[in-house]
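First up is the structure itself, then whatever we jot down about it.
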Amino acid sequence: MENKIELSIGLVIQMLGPSLLSLPYIIHDLGYGSAIIQFVVCWLFVFAALYYVVEASHYTKSTSYATLSERAIGKPIMKVTSVFYTIYYIGHCACLIQISSDSIISFTRNIFKKEFSKAATAAVVSFICIFFCLFKSTQFLHKIFTLSGLLILILIFSVLIYFAESWDSKKMCEFENDTEFYKIAAFTGNFGHQIKLFAKYFPTFQCMFQIHSFIPQLIQQIPGPPLPKKNYVQLQSRIAVSISSLAYIVIGFLSAVMFGNLNKVNLYDSFDPCYTPVVDLLYIAYSILLVVGVPVSFQPLKFGLLQLVKKTGFLWTLLLSIVFCTSCGVVAQIPSILTVYGLFSASAGFFICVLQPVLLWYFHSQTKAKYRFMDQIKFVQNEDAYENIQKLNEGQKYETAQEVNPMDEDLFINDIKIGRKVVCGIIIVLMGALYLWSFVQFGINLIQEIRVALKK
């Protein structure tokens, strides 16, 4: 039971990553009306996507996202998703390293009056992450990582207290620009400008709930018969999305309203006009725990990449850890965490949060037919059932499973309605357009930030 609780908390913490600190700025930039629409659309899409990811993970008995894609969709998609999962998590973990290094720099500057180099600090944090990534089992890291949930709760209550105390005066503190607090519009700019902002931030909103890669490994870690495990993970994924949404709403919307025109890309930087040492202490504690989030996020990626290259052993794990953490450290040099997260979400998020879930829905009937025996395993004591599952992992055939090729075009025509193809095509085209626009916009932001950095 304790293991299940830790796994459930872990799902919530994985969703409340670097995007949590940038959300108030995004909401203020969008306006609360447009932000609400984005939340509702993404929320519904994520619920549907996670349902089919859990279903496919259950029926294919997959231990990683790579085997999930291969067994449910096909090898070509498996190779594509493996590449883009790697790209996404480089951006995600680069944000974690950047937040951690920025918090150390801010803490030493404000408390000890010493300024550290951003590049050197990020390099040290990346080296520490390499050490943690070499752990064969991440159960200990998961326990530490769940502690960040307590700090997120403290952050939520801090925002609530600040909001309640400053509501009457509409000022968080007294300083020369205190009239900038509590300013937010329902919609910013004209209709065309609003559509551009909606498209720009949509991938960021959608990728905030990205836990797809953890689902296959999560199902296999829980003891018990397959069907109850599937139902449990379905329930926990919905609860995790709901709890994460509540945290995003409290921190995102209240902070966006409270800080008004003084909202910064990093929420903790928004406290600068009303600085207190408590904010720095909370910031660095939260950031240190985020360092543990790098190897936790790297774990499913490591399994998938090792299965893809068909290699095992410490040396390959060391090589992957060095390449991954070094890449994250280099990307962390980009000044804005929003630019990093937005750019990598837009470039890789389409394949993770849109293409793979849509194709899993498209192939769901074939996957369920091929591996339907998984619903017939009722008891843990059934050794024959586990022997069959082991054979499946080894790629052997079953007498109880229909040998159906999910890429068989004749099967599409006979068993899948034309309407499903049309819906899949519409979703992929529309979402692809949104993600492409977002990628272009954040790419422009990156170029502008590089130019500013070079001028200094």
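Keep in mind that glycine also has a Cβ here, set from the backbone N, Cα and C atoms.
Quick look at what TrEMBL lists:
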- 11-369: domain 'Amino acid transporter transmembrane' (DOMAIN)
- 7-27: transmembrane segment (TRANSMEM)
- 33-54: transmembrane segment (TRANSMEM)
- 119-138: transmembrane segment (TRANSMEM)
- 144-164: transmembrane segment (TRANSMEM)
- 239-261: transmembrane segment (TRANSMEM)
- 281-301: transmembrane segment (TRANSMEM)
- 313-334: transmembrane segment (TRANSMEM)
- 340-363: transmembrane segment (TRANSMEM)
- 422-444: transmembrane segment (TRANSMEM)
### Message
Using a threshold of three or more Cβ pairs below 8 Å, and leaving out pairs closer than 6 in sequence, do the transmembrane segment (33-54) and the transmembrane segment (340-363) count as in contact?
### Response
yes
### Task
Give me the stretch from 33-54, 144-164, 281-301, 313-334, 422-444 with the greatest number of Cβ pairs under 8 Å to the transmembrane segment (239-261).
144-164
### Query
Looking at 33-54, 144-164, 281-301, 313-334, 422-444, which one has the highest count of Cβ pairs under 8 angstroms to the transmembrane segment (7-27)?
144-164
### Message
Using a Cβ cut-off under 8 Å, which residues of the same chain at least 6 positions beyond either end of the transmembrane segment (313-334) come close to it?
### Response
86, 89-91, 93-98, 101, 118-119, 122-123, 125-127, 129-130, 133-134, 294, 298, 301-302, 305-306, 340, 344, 446, 449
### Tertiary contacts of the transmembrane segment (422-444) (same chain, 6+ residues out, Cβ under 8 Å)
196, 199-204, 339, 342-343, 345-347, 349-350, 354-355, 358-359, 361-362
